[in-house]
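Annotation source TrEMBL lists transmembrane segment at 75-93, 100-122. Annotation source TrEMBL lists domain 'FAE' at 122-410. Residues or ranges marked as active site in TrEMBL: CYS266, HIS345, HIS430, HIS434, HIS463, ASN467. The feature domain 'Beta-ketoacyl-[acyl-carrier-protein] synthase III C-terminal' is assigned by TrEMBL to 429-509.
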Amino acid sequence: MASTAAVMERERLTAEMAFPPAVVAAGGGASCKPGAEPRSIVIKIRRRLPDFARSVNLKYVKLGLLSAGFPMPPSPSWVVMLALAAAAAYGLFDVAALYAVDLVGCAAWLCAAALLVAVWYARRPRPVYLVEFACYKPDGDEHEISKDGFLEMTESTGFFNGEAVAFQTKITRRSGLGDRTYLPPGIQARPPRLSMAEARAEAEAVMFGCLDKLFAATGVDPSRDVGILIVNCSLFNPTPSLASMVVNRYRMREDVKSFNLGGMGCSAGLIAVDLARDLLQANAGALAVVVSTENITLNWYFGNDRSMLLSNCIFRMGGAAALLSSRGGDARRAKYRLLHTVRTHKGAADGCFGSVYQREDERGRVGVSLARELMAVAGDALKTNITTLGPLVLPLAEQLKFLRSLVLRRVLRRGARRPYIPDFRRAFEHFCVHAGGRAVLEEVQRSLGLGDGDMEASKCALHRFGNTSSSSLWYELAYAEAKGRVRRGHRVWQIGFGSGFKCNSAVWRALRDVPPVSSGAGDGEEERRRVSCNPWVDSVESYPPKAYI
């Protein structure tokens, strides 16, 4: 077992296959000699994200171009109209001779044009604004746990054997988490209190803690103003639903459109944002609230399967709530405008589908298993997602460089030439990558060619709060705001990964400068409410750590 643990720790996996010496010498064509001593061949498999420069699927490039609004081939009627206009411009014939133009006719044409413009204006996609968002943080040191406290708690439960405790110790020390993350009281109790009541209490503390701050900061009356409610939580889906718990707590309207998204993993927060965008564009003047969280209490694993123990080491208590609007008047007070959402689902492939899988171990204990191929699966989904996103966000110069590289490889068949990988730092000022773990963040940084400054928000969020599932993206954006780095016109790229397997992106543009926060801020009631939404108010000055994670 110790050798197995060492193998799992290494960056590369090794597999040994035994062959007779004659087979090895003859390349598999010779027969095996009786009594010959077998030899072994070591095959090394790299546990890293795939090299994005090796392959580009053109259908995803085309999808991105169509999403960016590139025109389709013109219809025959438009071709005829353009031909008549060109002929008239070059004086091939007198258009006035073909059509007798009078004042009544001109007025009719102008009215028709005005009607077309009005129809286009009414049917155009409405802009969606992010007015404000709030992240959950317990008061003081309530529910706080250090790495040593987590390991002591793990050993004292008595559920784990020595090898499982040693494995969790190694993972925890290298996880990138700090000493001020949070776990619910039901998990920290001795013995653990694992019940529906404890799970509901955790959900209420997180969701209502976010929402109370959000409604106080925005002045929104949830019983009157909120028309759309979306709650996403992957592993805890009671009856009545979490969305119904929110409706009941805030006495929301009877016609509120509520949705509860379950089982969609750590990328469900961006799925909820995409759904809210579609609903807001279909319901003019509405306000939408999106709540993203995960429940720890009933999903803690008390077995010894290493693939399931990883979740215990990195997942922590957290959640976020965001207020979105399609009202034109909210553009003046909103922080961001939603520019693009791109969703990628690789669930059609069995390997991707089973890479993050909730199941029972050999003793019947339920947990979430993370496959060894998870990094490769995540890399493939990310490659597809950014290939679609590229035409939507990259500057024209970067797209032309990429197109030139593609033509040289695909048309001129210069296969030796390495494809040009666009520099996404020219498209975004802020990167919020799902804080799934230290290894995930380091591999995404390497694959996209990002600097340490680009990944600072993600690494610091992992260190301070741990992996809070779909809400981690909001802790990262809150970090950039707390540092005072968000300026008007800045673009933010949120990237989420989740079971299924899914990779989703959301692109925002800042509509105004966001002032920094600090523990000493609080001039005026409105400022105190704004600062209360940011979970970094008492710790931002100590980040990033001098010994960087």
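Keep in mind that glycine also has a Cβ here, set from the backbone N, Cα and C atoms.
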**Complete:** Cβ contacts within 10 Å for ASN467 (active site), all chains included, total 25
**Complete:** Using DSSP three-state counts, the residues of the domain 'Beta-ketoacyl-[acyl-carrier-protein] synthase III C-terminal' (429-509) come to 35 helix, 21 strand, 25 coil
**Complete:** Rounded Cα distance, in Å, between CYS266 (active site) and HIS434 (active site) is 8
**Item:** HIS463 (active site) and HIS434 (active site), Cα-Cα, nearest whole angstrom
**Value:** 13
**Residues satisfying Cβ distance under 8 Å from HIS430 (active site), sequence separation of at least 6** = ALA457, LEU477, ALA480, ARG485, VAL486, HIS490, ARG491, VAL492, TRP493
**Asked** Which has the fewest other CB atoms in a 10 Å radius around its CB: HIS345, HIS434, HIS463, the listed active-site residues?
**Response** HIS345
**Asked** How far is it from HIS463 (active site) to HIS345 (active site), counting Cα to Cα, in Å?
**Response** 29
**Message:** Measuring Cα to Cα, how far is HIS345 (active site) from ASN467 (active site) in Å?
**Reply:** 22
**Asked** Within 10 Å of the Cβ of CYS266 (active site), how many other Cβ atoms can be counted across all chains shown?
**Response** 27
